[in-house]
Each structure stands twice: as structure tokens, then as C-alpha cells.
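A.B. asks: Okay, so TrEMBL annotates it like this:
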| type | residues | note |
| --- | --- | --- |
| TRANSMEM | 7-26 | transmembrane segment |
| TRANSMEM | 38-57 | transmembrane segment |
| TRANSMEM | 78-98 | transmembrane segment |
| TRANSMEM | 118-137 | transmembrane segment |
| TRANSMEM | 144-168 | transmembrane segment |
| TRANSMEM | 220-236 | transmembrane segment |
Amino acid sequence: MAWISRYALFHLYYTIPVASLLHFILSPLRTRRDDFKIFFLCAMAFTCSVPWDSYLVRNRIWTYPPASVLGTFFDIPIEECFFFAIQTYITSSLYIILSKRVLKPLHLVAGSRKKWQVTIWTGITGLGFLLGAMMVYEGGRGCYMGLILAWSMPVFGFILYVAGSFILSLPFSFTGLAILFPTIYLCVFDALEIRNGTWTIGKATSTGWKVFRILEIEEAFFFLVTNGMIVFGLIACDKAFSVLDVFPPVTFPSESTLSQLIKSHVVALSFNPSSSHIDVLEELEIASEILKKGSKSFYFASAGFGDRCRITLLNIYAFSRVADDMIDNARSLEDAEVALKDMREYLNTVYSGSPFASGSQTIDDQCGKAPKNIAEEEVPKEYGFPSLGRAPSFVPQDVFMQLVEGLEEDLEFMKLGFQRFGTSIPGANANDNDNSMGARNFGVDAEELLKKLPIQTEEDLIRYCRRVAGTVGQMLVWTTWDAAYCVPPLPLRALGPSSGNKRHNKTAETGTPGWILARASDMGVALQLVNIARDIMEDARSGRIYIPVSWLQKDEEKAFVYFLLSNSQNPDASQFSLPILQRLSLRLVSLAYRYYALASPALGHLPEEYRKGAKLAVAVYMEIGNEIKRREGDVRKRVVLDAKRKLLTGAGVLWGREQYGPFWW
Ligand SMILES: CC(C)=CCC/C(C)=C/CC/C(C)=C/CC/C(C)=C/[C@@H]1[C@@H](COP(=O)(O)OP(=O)(O)O)[C@]1(C)CC/C=C(\C)CC/C=C(\C)CCC=C(C)C
């Protein structure tokens, strides 16, 4: 016997390279759940296939020349045993990669409307089993096909029974591809090996029908059903996880033993949302739509977080977006003030009784306390805010309160009575459409106006950014801690000074939860500065200028800002102020990169499986800063990244250099 068998060479040439490629693609986005699913499916595939395949070999339904294999296990070539695992690995990895962008829990609701289709398909599997059993009983040329049917249909029937509606509601574009691609691939190379004589299909027990005249129909059908079983099995796991993600209080006690955990997963698998659960799922659908419409960059990046984490991020985004819009689009100062009052009341209501409610709690106080499950249904609907989901169980209320304070700062602009409500700036020239700044006597007016602006110094700017975006960074960190460790106290201990990534532990404080939260706030500041740089013109149109007055040293700079505000319905910086606009936006971007540099080492201290997601969110947004830089600060036209640019940036983060940074670094 040669040192390597023909069957082993088949793996070396055709299965191992594809498996390695998919492994490489998936690695940066791999989660513990993905590992569990792959391991579970491989174990199932092995356990179910060995007795069945052993029967096939012993009954000469398929055979192999002894010299073409390395050894046997229950009469099955060991290469064939390896095949069970590697096929499962390939198909599972492909499914997991393709399904990353889909928020699976959203399909629990659509799935609950497909009862009839499920009944029909489950019935078909029953008939398939009977047909297979009859064919085996009859023996002869239908035997191999009958064995495939009788073996696989009960598995399909069971999975369809417990997760059928969920399976049917997922987009066929990725479930179908995950089944068909490996099927076609394996068919091609199987046909090649049969032609080479590496293995043979028994003529007496197969129909003799061939697909495209090259491959026995039984072989093609075998690959189709095995890949189908793998994908359906993965979807069933996803259904259980989705239920636990959306309805944790229903099934998931916080202090769980292994047996409780297994039980809750089994319960989740057979759980079908009733009308009382639909509300929660619809809220999630709304949140997802808000993110999709509100921020293409973050919608894209959200696929980098596992579903559990992603759901909370959607909730946080939806709440914050609606809150921000309520202030931005308020018709009067009074309306805006009412909205702020409502936000605070809403937060007090959803946080009542939570260990994370505002008060004297310190991080130490929160250690050891299980999160309270907030009953959202107790929150009056008239507030009009999207649900905060589970966030109040692990994000401190103070963080949200600071965000509201940040939004409140925007009211200062309104109080100045800019064009926002159709009034003009105190002292501004009546002819607002006159863009010839030079002709206007702005001297005294401009000085007066600038003194009243809310953002006077760089500290004011940073304080504002910390409130509206630093808080978001901190929420993101708390969310990853919850998703990774389930019970909030764990990360606080696990990420203490004695643990974590030693490489970054340069000072005593580095790596501690407090340090991570501080750096997350810096990262929020960096992103908000990019946001401000990009939106200078748009913000001016709403009567807001976030550029610190202390940056405006020269008269022409003061005049420029005065011009932007006093012509806020029609600011056209192209006339003679473009260099000033460029200078100011570039200064904002370079300040953003200073904060980015301060914060980025902390990304490596987030729970491992969420690091790439956070890096993705940051990188895609910071890329806007890069684009502003590339345009030399000309932000007259709003900078928007196209899908290709986002994909390339994302790919760079996922499979490229470890440290994302601007191109000149
Ligand atoms: C990835 C993901 C799904 C995140 C969702 C969370 C999120 C982005 C919430 C934003 C909530 C929001 C609308 C707050 C109101 C204040 C505001 C307008 C903030 C600006 C966001 C931009 O949103 P917008 O809808 O305007 O988007 P477009 O510009 O139109 O595309 C901000 C710029 C804030 C963004 C700040 C962050 C995402 C925080 C970044 C921090 C981290 C990723 C933490 C890193 C961790 C460490 C330890 C360093």
C-alpha cells in the first residue's frame, strides 16, 4: 500500500482546501455559538452516518478497492469517516458565513405564519420515508435510493416539525445556496473519483440513472439530502438561539446548571411565538428598520456582532435615533423640552427596580446581582420611544441620562433663535440670501453672536461629544459584556487588572473595566468628531455650529461661521470661504484621530468574539474621516461611502491588518 491512499488524495485535493478557505473567511467573525453548531453537527453527522454507511458497505451498495484506502472503521474507510466531518464542516461554515448578515430572530415572526406549509412539508417527509422503506423492502435496483430516503426523511421530518416555520421564512437565497453549492461541488468530484475507480456504486442496487450522464442519481441525491440535513440542523440551532435571545425570561434562568441550560435550549427549539410574543418581535423589526434607514454604516457593521449583541445594539440605536430626531425635528422649543422630559420619564420607568437604575450604585454594588428582567409591557406606550429591550438589565441608566443631557445641549442653539423656527439671528442682516459676506457689516454682530454659541472651547466640544457619542461607546461595551458573559458582574471580575490581554497592560489601570469604559467614551468622541466634520453644512442649515469659537482666531474665520449661521437656509461656502471650511473640517478630523489613537488599544480588551464587530463599526465610520482627508476637507457635498468602499474597509478589518488606522499611519 502506498503511503497515501487515493481516497486520502481526494481529501487533500478537493475537500481540505475548500474547508481551509472557508475556515479562513469565517475565522474573524466566528462566535462560540458557531463553534458549538459546527461541533454538534459534526458529532451528529458522524453518529448517524457510521451505522448506515457501514450497512451500505457490508451489503456492497458501494465498494472500494482495499488498496485505495488507509484503513477501516466498522468496514467504512477511515477517509469516509473523515468525509462525514469535513463535508459537515464545509457546509456549516458556508451557511454560517452566508447567514451572518441576516438577523435571524426577525424570522420568528414571519415563521409563525407558515403553519400550513410546514404541515405539508412534514407530510411529504412522512411519505418519503414510507416510499424509501418500501424500496428497501423490495430490494433490487431501488435499494440504494430507498436507503437514502428511509434514513434521511425522519430527520427532515423531525427538524421540520420543531423548526419548520422558521426554516421556511429564512431567505432561500442563502439557505438554498448553502445546500446547493456544496452539493454541486461534491457531485463533480465524486463523479471524477468514480471514473478513476476510487470507489464504485453497486450496479445491482442502484437505478442506473445518471445526472448529466456522469453521476449516479443516488450519489447526487445523497449529497443533496446530507447537505440539506446539515443546513436544516443549523437552522434549528439558530431558531433555539433566536428564541433565547429575544425571550430570555421565558426560558432562560440566569443562574443555570448544565442540565437547565440543555432544557432551556430544547424548550426554545420547540417554542412557537404566540400572539402575545408578536409585539416583541415587531418592536425588533421596527428597530432593525430604523437602523437600516438611519445609518447604512452601522447597519453594515452590525452584522459583525452575534445576534444577541446585535439585538440590543438595534434597540439602543432605535431609542437614541428617535430621541435625537425628536429634538432635531421639534417644531418649537417647548416641543423639544417636552420630548426631553418624556425621555427622562421613560428611562425612569423602564429602569425602575433595575440594579442599574440611576442612584448610588457603584460597579461593585452591581457585582453579584442578577439582572432584572424589565417588563416592557408595563411601560406606557404613549411615550412613543422604541423599546430598549434588555438594555436596562445591564447598561447603567446614568449612561442614557448623559445621552439625554447631550441632546439637551442642542436646545441651546434653538434658544438663540436661529433660523430653526423661521426667525433670524439677532442682529443679522435682513438680506439673508445675500452671499457676499464681504459687503456685510458683520463685525459687531458676529462677535456678539459668537459669544453666545454653546460650544466656546475645545473642552465644550469634547464634553458634548462624550455625552452624545461617548455614551454610545459605553453602551456598546456593556452590551458586549452582557452578550459574552450573560450576567453583568462576570466581566467586571474577568476583566480586572490581573487578567485580560497582558500586552496592553502597560499601566496598573489598563485593561480594567473602568479603563475600557473610558476608552470607549474616547472612541465615541472620535466618531462624533468625524460626524461633525462631515455635517458642518447640514448642521448649519439647522442653525447649529459645533466648531469651538476658540478655534476661530482670524476675522475671516469668524465671518465664515457667522455667514453659515446667518445664511443657514442657503449656506454656500463655495464663494470665498472654502479654504476656511477645509481647514476647520480637517482640524476636526485630526482631533478625531487623536481620540481614535487613544481609544483603539482598548478594542483588544473587549470580549474576544465582539472585537471584530466593534472594529468594523469604528473602521467603517472612521473611513468617512479618511474620505474627508482625501477630499482635503471639502465637505460642501455630504461624504457618503459607497457599498464597495464599505466592503473593502470591512474586509481590511476582518482579514487584513490588526490595527485599523488612517492611510498615512
Ligand atoms: C454597530 C452598531 C449597530 C451600533 C449601534 C449603536 C449606535 C451607532 C448608536 C447611535 C445612537 C444615536 C443615533 C445617538 C444619537 C447621537 C448621535 C447622532 C451619535 C452619532 C452616531 C451616528 O449615527 P447616525 O445615525 O447619525 O449615523 P450616520 O452618520 O447617519 O451614518 C454617532 C456618530 C455616535 C457613534 C458612536 C459609536 C458607535 C460609539 C463607538 C464606540 C465603540 C464602537 C466602542 C469601542 C470600544 C472600545 C473599548 C474602544
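Placed from the backbone N, Cα and C atoms, the Cβ positions cover glycine too.
Just so you know, TrEMBL annotations are computer predictions that nobody has curated.
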A.B. asks: Residues sitting near the transmembrane segment (7-26): Cβ under 8 Å, six or more positions beyond its termini, same chain?
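C.D. replies: Result: 34, 64, 68-70, 77, 79-80, 82-83, 86-87, 89-90, 93-94, 96-97, 185, 189, 193, 198-199, 655.
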A.B. asks: Could you tell me what the rest of the chain brings near the transmembrane segment (38-57), counting residues at least six beyond its ends with Cβ under 8 Å?
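C.D. replies: Answer is 63, 73-76, 80-81, 84-85, 87-89, 92-93, 96, 144, 147, 151, 155, 226, 229-230, 233-234, 237.
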A.B. asks: Mind checking which residues of the chain, 6+ beyond the ends of the transmembrane segment (118-137), have their Cβ under 8 Å from one of its Cβ atoms?
C.D. replies: 143, 145-151, 153-154, 156-157, 160-161, 164-165, 168
A.B. asks: Could you give the residue numbers and ranges of same-chain residues that sit at least 6 residues beyond the transmembrane segment (78-98) on either side and whose C-beta is under 8 angstroms from one of its C-beta atoms?
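C.D. replies: Distant Cβ neighbours of the transmembrane segment (78-98) are 5, 7-8, 10-11, 15-16, 18-19, 22-23, 25-26, 29-30, 34, 37-38, 41-42, 45-46, 49-50, 53, 69-72, 174-175, 177-179, 181-182, 186, 226-227, 230-231, 234.
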